[in-house]
Each structure stands twice: as structure tokens, then as C-alpha cells.
Amino acid sequence: MASANTLFKSHEEYRRNKELEEARKAGIAPAAVDEEGKEINPHIPQYMSSAPWYLNDNRPSLKHQKNWREGEADAGKQYDRGVKVFQAKKFRKGACENCGAMSHKTKDCMDRPRSKGAKWTGKHIAADEKVQDINMSSFDAKRDLWNGYNPDSYTRVVDMYEKVEEQKRQIRKKQELEKRFNKDDAKDHSSSDEEEDDEDKINETQEAGFGKVEKRVRTTAGGASGSVRNLRIREDTAKYLLNLDPTSAHYDPKSRSMREDPNPMKNPQEKSFMGDNFVRKSGDYHQWEALTLHSFQAHDRGQDMHVQAAPSQAEAYHRSFKSRKELLEQKSKASVVEKYGNAAEAPDSDALLLGQTEKYLEYDAAGRVIKGQEVKAQSCYEEDVLINNHTCVWGSWWQEGTWGYACCHQSIKNSYCTGEAGLAAAEETALQMQQNLEHKAAEQQARAAALDSSSEPSSSKQLDLAAKKGIWGSEVSEDVQLDKDKLQAALKKAAEKEQEEAENDERKRKYNSMSHDTEVTNEDMEAYRMVRSRADDPLNEMQALKNSQYGYV
């Protein structure tokens, strides 16, 4: 687009303008000045510094680059917070039914919900708030929470805290002076020397109460100075210096934490620091762990319980479970103490043990109670009770891991007593079992001797069997002696048989009765092995190719 100040120029004028522009960029010539007397940066490109043609501005200027639209100023607009305009004495139509103010509706009321609103009681009518219709133009101005806040009001808070800090400083100074002068009570000092000593002691020594570090703190609104106290006592060894081994516990300098124990092999009574993990298992950690475990177990047993989803429900279930468990334990303990007594209690006196009673008991000849209440047993099990005509109790006899009765050696508890006859029968049974074992051992020895005596004929049978295996089977011994003449005769016989089978029709072959009259010899088997065809033999395939007038290429 053409510009008004971009008129037709000759070559000489264009050259002079370029030289002036280069001189301005180099700082040799003064910069151009706009209509307000401000210098124009020579490094601004021409398409930005040149005004459009429709402005008819031939002077150098940057006014056309400025925002000419005037925005709405929101800085001076603010709400009067908490201002009341009118206090009514009775309820008005259209007012809030809860508090009675006309400035808002019932659903927008911020007061406490009353049991009976001002509409029905007509008492305690709230004052009307000042309603302002301020239209903020910008997005941030509409949502500014600090609109209308006066920062000068915060100076009262600052003054109050400064007074408190000054009082604390005076108290610490007084306490420090009292502590130091208590040590020097025996020495006399003049009043002037004491004043100088006071200032020297405070200035020379910076204890924990006085040692403050002035630090500049960065904030969004600028810098603010504050005092930072060193929380670690300098006499204590730093945790990262307790063990200089690089493979020991890890120290995080950002959080100043060392979770693991730097010296795990050291005696715990001699250690001043055992890692930061001990804090993780202190306080309510064990209660939380028990609650989580109970929730997991209850969920596995079908209860709809989850610690993270419904923590209040899980805690209520756990509390009721603990109360029921404690109640059951108390009942069980009370029943055991009631039945067996408490050995931890003080024993009864001898006078009570040897005391007399007026209870009347009458027994029969067998020792059973006829009249009166039977004496309470001292044990929960029956003692000295004889059943089924036994004269001894169950468990009075033991043999080879078996319990029984000593009167008849019966090993079944509900069996009837057999007396001496049972003892004799048991002895006879044991004797008979011993004789049976001895007889069985004698039979085994006789059988072994008979096998040893018949070893020779069995060896001859084994030789015959081995010979037949060598003839019929594939297991041929190496020491087989073959007769050459018989072998030639066997080969000739095998060839004739093969030729006869080839000439005759297979359908007219003789009936094979699977029985043979002649014995097969080693020479016959050797001839059969030599003559038979082998399909997996490569030389056999080559011989077939030669016979068919074809050979290997």
C-alpha cells in the first residue's frame, strides 16, 4: 500500500535518505523526532514507522501504532461492602422470608436459617444492604476479591505485631541478663561498668533466643524482610555426618530428610538419631493399620466395606467389632475363673479349709450319695469312674502306643471287661503271632535253599534260550561258528526258493500251516540275512538303477 510520505524520489534523494538512515542507526546523526518531541528509534522498520496514506501524515510519527480506543477504567469502581441503607421495623411484602431484608430473595439469603422466619414472627428484621450496579469491563475486574479493600487498614495489624515482638525482645533481654548476673554475684561492679557490661554481653553473644537472620523473601508484590531462626542446635552432629559411607542411608538435601537409619549396626541406646521413618509408625499409625487390616478381612468375608470409599463406616464397624471381641474375652475369662479358680488370688486361710459344715450327706456301700448334694468335682473330666465291669480306669495300661485297661488289656474303651480270661487270651494271641512269624521265616529260608539246588538245570535252559535268541532274534553273539559248506548250501536253497516264488503264481502258493519239521540252523539264518532285500540301503538302490540301465549322474 502506498504511503503519503512515500512520494516519488529521484535517485539522488533516495541515496541521501539511505545514508541518513544508516547514520542514524550508527549513532552518527541524531534520531528523528515526532510531533510530541520524542525521538523515534531508527531501528524500527519502515513498514511500522510509515503512516498509512489515508492519514495524510507526512511527518515522522508513531502515533498511528498506538491504541486509539479508549477502554473503560475499572480502577475507580468499587463496592461499598457491609453498608446498610434502611432498617425496617416490620416485615414488608417482597422481602426475604428468612431475615426480612429487601435487598435479596430468600434463596440468596446468607443469614442463619431461622426456625421461624421474619415473615411469620415479624421480629429481628435485618437491615437492607446497599445494592450497587457496577459494570466491570474486564474479566479480572469482575472477579477481583480485593475490590474496595483499603491497604492502609493493614498498618494496624503490622503495628500490633511489632509491639508484640518488641515486648518479647525486652523479656528475652531481661532473662538473659538475669542468667548472666547470677553467675557473677560474688563480684562487685560499679553502676557505669555494669551498664557497659550489659551491652557487651548482649552484643558479643548471640544465643538461641537472640540469633536471628534477616533474610530477604521474594513475594509477588516485591521483597519483604523477615527473621528466620535456625532450628538445629549447633552442638548436635548433622544427620548426614553420622555415617560418611556413600552406601549408607540416603540424605535428601531439599527436604533435609534421612528416612533410613545411618548406623543400623550400632547399639540403639548409644544412638541419638535412628532415621526419620520412626515418625511414620508413631501416633495413630498402629490404629490405622488395624483398621485397614480389619476392613480387608471383612471385605474378603463378604462385608461391603472399604476404607477409602467409606472410612466412617469402616471405623464404626471396627469399633463395634472391638467392643464385641472384648465382651467375649471377658465372658470367656470369667467362665474359666469360675470353673478352675484364680491362682493369682490369695489362697484361703487354713481355718476356712478345715472348717465344719452342717450339710448332711449319706452314702451307700458303693460310695454313691443317697441324701444331700454331691460334692462338686475338682476337674471337668470324670475321675475314678469304673464302667462295663472294669476294675481299672481307662488309660491304666499302655503297650506299643496303645492305651487300654490294666485289668483285661482291652484297647477299646467301650468294651466289656473279660478279667483273667482276657489276659490269658491276649497272651495266647501274642504267642500265636510270634509262632506265625517264625514259621513264615522258615518257609522263606527253605524256598531260597531249593532255588540254589536247582541252579544247574536252569543254567542249561538259559543256554538253549540264548542259542535260540541268536538264531531267531537280532541279538547275535560274536562267537558263533558257521560252517562254510552249510552256508553255501543254505544260500543256494534260498536262491532257488526265491526263483520259484517269482515264477509261480502267488495265488497258487501252498498252504502255510505255521509248523516246521526241520530245525533252523545258524547257517540258514545267516543266508536269510544275506539274501533279504533292504529298502533303506543306498547301494541296493544303486544296483536297481544299474539293472534298469540308468546310473547316477
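Heads up, the Cβ atoms here are built off N, Cα and C, so glycines get one too.
As recorded in TrEMBL, the features of this protein are as follows:
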- 9-25: compositional bias 'Basic and acidic residues' (COMPBIAS)
- 175-192: compositional bias 'Basic and acidic residues' (COMPBIAS)
- 251-263: compositional bias 'Basic and acidic residues' (COMPBIAS)
- 443-460: compositional bias 'Low complexity' (COMPBIAS)
- 138-396: domain 'Pre-mRNA-splicing factor SLU7' (DOMAIN)
- 1-39: region 'Disordered' (REGION)
- 175-230: region 'Disordered' (REGION)
- 245-271: region 'Disordered' (REGION)
- 435-462: region 'Disordered' (REGION)
- 491-525: region 'Disordered' (REGION)
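Residues 239-240, 242-243, 271, 273-277 of the same chain sit 6 or more residues outside the compositional bias 'Basic and acidic residues' (251-263) yet have a Cβ under 8 Å from a Cβ within it. Confidence over the domain 'Pre-mRNA-splicing factor SLU7' (138-396), given as mean pLDDT on the 0 to 100 scale, stands at 79. With DSSP classes pooled into helix, strand and coil, the tally for the region 'Disordered' (245-271) is 3 helix, 2 strand, 22 coil.
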